[in-house]
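Encoded as structure tokens, the structure appears first; notes follow it.
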Amino acid sequence: FPVDLKNWLCCTVLFLFFSGCGTLAVLEQNEAGICLFRSFDWNDGLFDVTWSENNEHVLVTSSGDGSLQIWDTANPTGPLQVYKEHTQEVYSVDWSQTRGEQVVVSGSWDQTAKLWDPTVGRSLCTFKGHEGIIYSTIWSPHIPGCFASASGDQTLRIWDVKTPGVKVVIPGHQAEILSCDWCKYDENLLVTGAVDCSLKGWDLRNVRQPVFNLVGHTYAVRRVKFSPFHATLLASCSYDFTVRFWDFSKPNPLLETVEHHTEFTCGLDLSLHNHGQVADCAWDELVKIYTPSCLAAPV
């Protein structure tokens, strides 16, 4: 179950950043409920976490000191490795999901993304081009070696690790873009969420106009996630304290609004294993695991 809590882990430790340290918490779900399985401390804030795709015990975090840490839940003593090359906070980290690849991409406030092989003690490549903070980096689940990045420079960019330079630049919003995600059912479709309170869908075959524009949030959209089970369904969380569920194929795309936090809602993920199950978290230091009514029945 910990894979479902990826973004909750990120935001819990982000909250602790302001006290100068970070904590990685791994939770386990059993018949008695949710319990703490393991926790790890780091000397700076931890902003994001990603699970290994070939070892269920291994995960990578990114932190405010510009480093990445590799942890093993079977080894409670500390990180296995620490890689420090970014010159500012590392805000995003993602492990590739395509077969045959065991690589990680990180995105930083230093405006660069870096490619890592966790078995090698240094980065393999650095990607430059953004003119603002990189808030989000995510691998394509379809195309090996391809990832997307979202930035404070108001652009979404597509990169290919086999070729130098950016592959596609999309001026997606007239505001900072805080999050992006790739559709699990369409290799050409991505979604972005931004400070302008909107979510926009982008078809890489024609990026001049978004294929959908979802409005309803009243403050910045902090995280966007496509459903692993439905091609047109996605979720978003916002600094307006809400999580919203959408189906962009419908005339009225907003399916449901969940408001069960008292502070900024900033972490969100949909379970890959339990259909309809959602985990979210907020600055109120609470994680909520639930099935919204719109996902309880077939969409």
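Cβ coordinates come from backbone N, Cα and C, glycine included.
TrEMBL has this to say about the protein:
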- 1-25: signal peptide (SIGNAL)
- 49-72: repeat 'WD' (REPEAT)
- 83-126: repeat 'WD' (REPEAT)
- 127-163: repeat 'WD' (REPEAT)
- 170-206: repeat 'WD' (REPEAT)
- 214-256: repeat 'WD' (REPEAT)
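Sequence-distant contacts of the repeat 'WD' (83-126) (same chain, six or more residues past either end, CB-CB distance under 8 Å): 45, 47-54, 58, 60-70, 132-145, 147, 149, 151, 159, 161.
Distant neighbours of the repeat 'WD' (49-72): 2-3, 6, 9-10, 13, 17, 22, 24, 26, 40, 42-43, 79-97, 102, 104, 106, 108, 110, 116, 118; these residues of the same chain sit at least 6 beyond its ends, with a Cβ under 8 Å from one of its Cβ atoms. Across the range of the repeat 'WD' (127-163), the DSSP-based residue counts are 0 helix, 19 strand, 18 coil.
In terms of DSSP helix, strand and coil, the repeat 'WD' (49-72) has 0 helix, 15 strand, 9 coil. Over the repeat 'WD' (127-163), the average per-residue pLDDT in this prediction is 96.
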